[in-house]
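Feature annotations, reproduced from TrEMBL:
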- 1-28: signal peptide (SIGNAL)
- 58-117: domain 'Partial AB-hydrolase lipase' (DOMAIN)
- Ser194: active site, nucleophile (ACT_SITE)
- Asp364: active site, charge relay system (ACT_SITE)
- His398: active site, charge relay system (ACT_SITE)
Amino acid sequence: MILQNLMSTSLFLMSLLVLLLDSNPCTALSWRNNSLVDDIGVPCPISPHPFTMCKSEAEAFGYPCEDHKVTTEDGYILSLKRIPHGHDTDNSTGDQKTRQPILLFHGLFVDGVSWLLGTPEQSLGFILADGGFDVWLANTRGTNTSRKHTSLSPKNPAFWDWSWDQIAEYDLPAVLEFVYHHTGRQKVHYIGHSLGTLIILAAFSEHKLLHLVRSAVLLCPIAYLSRTRSDLTRLAAQMFLAEAVYLIGIHEFNPVGKAAAELLAKVCGDPTVDCTDVFSALAGPDCCLNKSTTCAFMLHAPQPTSVRNLIHLSQMVRSDGIRRYDYGNAKENMKHYKMPRPPLYNLSSIPTHVPMLLTHGGQDFLGDVPDTRHLLRTLVRSHDADNIEVQYLPDYAHADFVIAYNAPRLVYEPMVDFFKRH
């Protein structure tokens, strides 16, 4: 009976999670913004190239776009996109050599297209390319354009045997090394959002990649999660939802699979469940999204991740520290780490000379204010004053930093100024 109740609760919570990822955004977001009230029920247009970032986004606006493949040390073949210059820029050899490379690393359930979803005046990737930078867009293992491996198929459970530990250990250095060597051994500016901030912090805490990174911008920095404002996230972690899914043999978390769609239909049929509010319940009420950009976002998202990755994040919600993946018992941990508990990522050990800009929002339920302030106290206390900057936007939630209509003025302009100073 206990197991039955646990599974019932787990399936219910998984359904709620899917609502965030599978709802029609034009309906789901209309309650937050009066300008979207008339959009209720209006479907988003279908993209002719839903998973080809270059064709559907960059080339559609006249930007050059290159598709590179990067193989990680553990065999994953990652798609890495490049916008080498703006669409009105002379593409001469000399011009390319003077352009500083920038790597943009996305968050959970999305890929690199999240940086290109608006117009050239709204999208960070285009703004940076027009601003004189050589723009590179990462796509982590498991996302739609990075589902290949030298020996494993995505149908093989072993393909999904990873968490963000491995993204930090393998994906991040492989991509940074590629950009570094492909651009004349120039150190790379780094921009991460959400999970993309956690992996660079983890690497820096172990004094890795410092020879490759010129500066780092962290949007909605995710590190400590124990005080998250998302009741849904906290409840899922406390109920060991991801662990329950893993135990029944599911290794890939695909938020738009057939089973998820059936669960969604059942839960939304319950009059007590508000299917328009789950996005806000998970990530916070975004202040500044418009229909066109949100629809573009949902046409490319959500994207798969590993269940083990969700387990690792759930462990962080239940813990005050930031540790490597916990295998669940001392014997397995000893096998992997030579200690009964997973080792900590010691963020206080991050070198104080690394230029960093951290930007966070007052309405972000994932990178919530108490946890972010904990991170800031850890970093700012000893960091060189000239090499760390903090920006706080009280009205911003999690997605605003990437697709808000006013992000170019509030977020991207200060970011470009930061890069120019470093």
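The count begins at 1 with the first shown residue.
Using the three backbone atoms N, Cα and C, a Cβ is placed for every residue, glycine included.
Any TrEMBL annotation is an automated prediction that lacks curation.
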Whole-number answer please: how many Å between the C-alpha atoms of His398 (active site, charge relay system) and Asp364 (active site, charge relay system)?
5
Can you tell me the CA-to-CA distance separating the residue listed as 'active site, nucleophile' and Asp364 (active site, charge relay system), as a whole number of Å?
11
I'd like the per-state residue tally for the domain 'Partial AB-hydrolase lipase' (58-117) from DSSP, helix first, then strand, then coil.
14 helix, 19 strand, 27 coil
